[in-house]
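Engineer: Attaching a single structure in structure tokens format; questions to follow.
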Amino acid sequence: METLVDAPIKDDHESPRWQKSTVVFVLGGPGSGKGTQCANVVEHFGYTHLSAGDLLRAEISSGSEFGAMIQSMIAEGRIVPSEITVKLLCEAMKESGNDKFLIDGFPRNQENRIVFENVAKIEPAFVLFFDCPEEELERRIMNRNQGREDDNIETIKKRFKVFVESTLPIVSYYESKGKLRKISAAKPSAEVFEAVKDLFASETGEGEARDHLNKKISV
């Protein structure tokens, strides 16, 4: 039986929207505020927000045979193959009807990146990295978890260790390609979004387009 993993992704000539899609990878340590800022970008700039983790969880919740396979892998402590995550992302992009995407918390490692580029045949327009000191990330997560320090501090440190070892090399890779856009996430959320808003307006030209439209309306 063919599963979603085996099912072929359509070629570019069958799905020309792939070549025109704008993809922005959003990276940052746990607690850096990626989800909050992605929601702001969706509201102000019309992007579709996709989270690899959310897609995996949704597939499991759907009760599908494919979801059961993912759940079994996670339960056995196995890493879900990049091919599975990327196929879920591709299907979500196709079904969205949009051509602008924020992909949150992805790629988590070099394998994710390589598989995405090979399967989706898209390179990100740029990579948004929320830079925040480990101490601040730790404080935020502890506050978010009602300060259950004995239960959570070890897990938080493990998550940050994985982020440093697996994801920071991705940050360095895109920086070497001139595609990294770094924003300090240590400031209050509203201040961070002002920087995010300026970045997206600058990168996409949407700020200029909006100013031009406003001038036409006011004439």
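Glycine residues also receive a Cβ, built from the backbone N, Cα and C atoms like all the rest.
Any TrEMBL annotation is an automated prediction that lacks curation.
These came from TrEMBL, pasted as-is:
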| type | residues | note |
| --- | --- | --- |
| BINDING | GLY31, SER32, GLY33, LYS34, GLY35, THR36, ARG144, LYS187 | ATP binding site |
| BINDING | ARG57, ARG78, ILE79, VAL80, GLY105, PHE106, PRO107, ARG108, ARG148, ARG159 | ribonucleoside 5'-phosphate binding site |
| BINDING | ASN112 | CMP binding site |
Engineer: Do you know which of the binding-site residues LYS34, ARG144, LYS187 has the most other C-beta atoms within 10 angstroms of its C-beta?
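Structural biologist: Answer returned by the neighbour count: LYS34.
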Engineer: Could you give the Cα-Cα distance between THR36 (ATP binding site) and PRO107 (ribonucleoside 5'-phosphate binding site), in whole Å?
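Structural biologist: Answer for this pair: 19 Å between alpha carbons.
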Engineer: In whole Å, note down how far the CA of ARG144 (ATP binding site) lies from the CA of PRO107 (ribonucleoside 5'-phosphate binding site).
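Structural biologist: Cα of PRO107 (ribonucleoside 5'-phosphate binding site) to Cα of ARG144 (ATP binding site) measures 25 Å after rounding.
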Engineer: Just going by other Cβ atoms within 10 Å, which of the binding-site residues GLY31, GLY33, GLY35, GLY105, PRO107 has the emptiest spot?
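Structural biologist: Counting other Cβ atoms within 10 Å of each of the binding-site residues GLY31, GLY33, GLY35, GLY105, PRO107, the minimum falls on GLY35.
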Engineer: Please identify, among the binding-site residues ARG57, GLY105, ASN112, the one with the smallest Cα-Cα distance to SER32 (ATP binding site).
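Structural biologist: With Cα distances computed to SER32 (ATP binding site), the winner among ARG57, GLY105, ASN112 is GLY105.
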Engineer: Give me the Cα-Cα distance between ARG57 (ribonucleoside 5'-phosphate binding site) and GLY35 (ATP binding site), rounded to a whole Å.
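Structural biologist: So the Cα of GLY35 (ATP binding site) lies 16 Å away from that of ARG57 (ribonucleoside 5'-phosphate binding site).
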Engineer: Spatially speaking, which of the binding-site residues ILE79, GLY105, ASN112 is closest to GLY31 (ATP binding site)? Use C-alpha to C-alpha, please.
Structural biologist: GLY105
Engineer: Measure from the Cβ of THR36 (ATP binding site) and count the other Cβ atoms within 10 Å, all protein chains considered.
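Structural biologist: Step by step: centre on the Cβ of THR36 (ATP binding site), count other Cβ atoms within 10 Å, giving 13.
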Engineer: Over all shown protein chains, what is the count of other CB atoms within 10 A of the CB belonging to ASN112 (CMP binding site)?
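Structural biologist: A count of 20.
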